[in-house]
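Database features, via Swiss-Prot:
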- 15-86: region 'Phospho-regulated basic and hydrophobic (PRBH) motif' (REGION)
- 328-358: repeat 'WD 7' (REPEAT)
- 380-464: repeat 'WD 8' (REPEAT)
- 473: phosphoserine (MOD_RES)
- 484: phosphoserine (MOD_RES)
- 603-664: repeat 'WD 10' (REPEAT)
- 679: phosphoserine (MOD_RES)
- 708-778: repeat 'WD 11' (REPEAT)
- 808: phosphoserine (MOD_RES)
- 869: phosphoserine (MOD_RES)
- 876: phosphoserine (MOD_RES)
- 887: phosphoserine (MOD_RES)
- 889: phosphoserine (MOD_RES)
- 893: phosphoserine (MOD_RES)
- 941-964: repeat 'WD 14' (REPEAT)
- 1013: phosphoserine (MOD_RES)
- 1141-1161: region 'Disordered' (REGION)
């Protein structure tokens, strides 16, 4: 009853609402990793840009590091297979690109900022019009489209319409030698001669190639390949004097343009004489004075038909066959300054992108700056280390440089696009810069370090734990084997193992399950599937120590426990010898291995490097280990005494006879009470109006209740309200939270050391750390605990504070189970607040983290909030003195910067919530991950600055920003060359409609205002409600569901302006779009909106004077008449202005402009 009397409590003020908008904003920013299921590749040698299309309809353009553009195709007939990008063709030098989808639809894309927008679309119907090849003219005005029917169509890129003449295959057949009597088949390749722009070289499917002359509209020369069957394609040299023609039987030959006779080596099969597979792509260039042929495929069909290879053959006899572990999608070769000198080979594979130096006869690999294969080995866990200090970051870089010594030093050839000038940072900022490092654990036992501070996801180090496990006979140097050329017999292709993708693991027990990393010291702890915990660091010690090994048994012979799972991993015996060489892994010192028995998977870990302690949990209990002295501290078994089986299968539970009998009596009593007359019953208040879902208490004997879910080291108030003590907190699946008090001996220093009288120092005795159980909490609902965090009065987590800092008292502990949050006071453990997520939202908590949020606001707003007692969650970490009664305070040194720490949580539905602490009031709720994406939900991890990363596919990472102060997104742009004749078309339209255009401009200028938030408003107030109620979509995406509405405003207009169009233009000229990535891309429109205007006219005949108008005489009998007219107009896709809202202290984004063009439907 009290909650009804109190009502809803104190509501946040208007200032708080404004502050929430300034602090919290959800948006998808950048994408990292390798595109999922790539299907097409294209390279622009003029602007030096690379484009990749995927089977899911994604289109990505890459230039120099930092220049990334995203686009997304949309569904036509609700079939996902139609999104498959089959061909890509650049309009060279303009920045535009053409894509052909499986729906046989041709789309022209144009970059606007960091987004690719589809500006023109052309569908092809009919089987004979199935597009098989594309070729853009050197003059950038035409596109030649080859079809499977054997015809070539010309597409005018300005109007995006088919124009005459069409090169029909029957016309070509009439002009070829009579010896060729076959149907030529589909168009496989079209090439324009660089020295004769009026001539086309066309390769048909069935061994016919013709040189077509547009001036005479005839076949100038025909080339017939005898006995080769199907042709695949051709490539023309830079001089236009010869071309290389390759075929489906694995052969190729170089023909002269001026000589239709076949060359002498027309039957050359590089991997013959056995039948070979098709050559899918071929390039020809030069290395010094030698010719170099690069081709994919062509392997002997019977012996090596399953190999995925790209071969590099030089005329001096040097041959290399790059053997990859995934399918070759396509490749291209970059050349030096429009010459035949080959520089870099870029290969797009199904699972990775590889590049090689063609100027070096050894064909060394090149380390690409982006598109790295995150899933080279399957990713098994993620860990994001925030605020890594500069010294640790440099240590990791030094270790990584030792692994990169075998890569080529040639510069990356794809350097297109431009970056803003403000990206350059000063040396002073770099000295104090903090880094974000993503650590990914893999199935093969490796841990990869990725620098994710900026837009680029850069691999900086690869730590392998597999080198310390196994027998000596199994061990080999994998790194040397990967980079060496493994030559086979003389008659076979010279294979070389290439690429990093390796989906197979020698031993599944090596898989990494948990990672702990200290951002201030560089201490690394890796937990594996077989209970192994590897301890390593990046500290360069003068004295190296050999590898140590120790095991800790959690169950021993407890109740006859039998482990039915896999065996533990064996450490290599030669590493454990007393005189063994210290174990290092390319710059990292591996100090020891802790084996937890039974060898179950590590479920959670905690690290406190300053104390020298690490704790690990399994399904059977937890261990505490002193890794500095390499001695165990204690272990605790969490198994229920009734557990009689091992964890190799689900833990079985026995129900006691007493409990079974009690439940039987309860069911009996319940059955009697429900046999009364139900028709006379009146529903109670609780039955009539359920307030929330009930959180049912779970049985204590639920399976896997002994699993330790989370561990936490913290120095807080446990036994005394005045003194902090080091503690270890653990929680299980059965909602049991245990608090262990740690006794750390004082560190011995040189000042406290007392020398002996004899002068001989006694042997150093290692410090002993002890632990004892101090308190235990049992949550009633018994839901698994997913996280524990202790924070001070300002809401800052004590485990994120610097060494020696305890935070401002009092401390509070947040315990997050799968169903609810609960806040307790310390040391009394008195409940303060709780938030029932499952009862209110129907979701379960998967992950929690504390993030810091900041924004710039006016000092007046800060002063008003300070005087009005803001919520306790508001706080500032400035240098000003804080009021002990009010958490929110003013920063004296930076009065316009406001800071706040909040709780971030992820649910199993893929939603991310931001809650204030300790009030647990919701500040933001965003649908971040699709609820069906289980891998994405389980892989998501947060940073301390309000960002998140998750696996959007097996190879890609999606970046999310929750804070307005920290947004990492691509800022590079691609210059766009305007289409020719655009200006002349506009001038003609302006000249024809000068009066109407002038009137339109006058009225638009009257009603166009700039609101304080920076959004351009061009609609009249009387019609704002119409635009607000209309539901607008962008490629099937409902704009109203966007989290960032009104961040972008797109103003559109029509090319041909008439009086009616001016009237419709005044009704609604502004369409507001959302900020979206991947599936949601800004402004991908084919139709902006369909507007319907209704005009109502009422005629009262009595008020009309007696004027001799014949048209009105017919209305005399009707007296009062009301007439309603309806008119509709479709505004076609053209974007003239995109203005981004300047909010939350972000830099103002430039306004890209494009010229108006109508789309063809």
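Each residue, glycine too, has its Cβ placed from N, Cα and C.
Note on the repeat 'WD 7' (328-358): residues 34, 37-43, 45, 50, 52, 237-238, 280-281, 283-287, 292, 294, 296-297, 308-310, 312, 322, 364-366, 368, 371-373, 375-376, 408, 410, 412-414, 498-501, 503, 955 of its chain, located 6 or more positions outside it, place their CB under 8 angstroms from a CB of the stretch.
Averaged across the repeat 'WD 8' (380-464), pLDDT for the predicted model comes to 88. DSSP states for the repeat 'WD 8' (380-464), grouped as helix (H, G, I), strand (E, B) and coil, give 22 helix, 31 strand, 32 coil. For residue 808 (phosphoserine), other Cβ atoms within 10 Å of its Cβ number 14.
Residue counts for the repeat 'WD 7' (328-358) under DSSP (helix as H, G, I; strand as E, B; rest coil) come to 0 helix, 22 strand, 9 coil.
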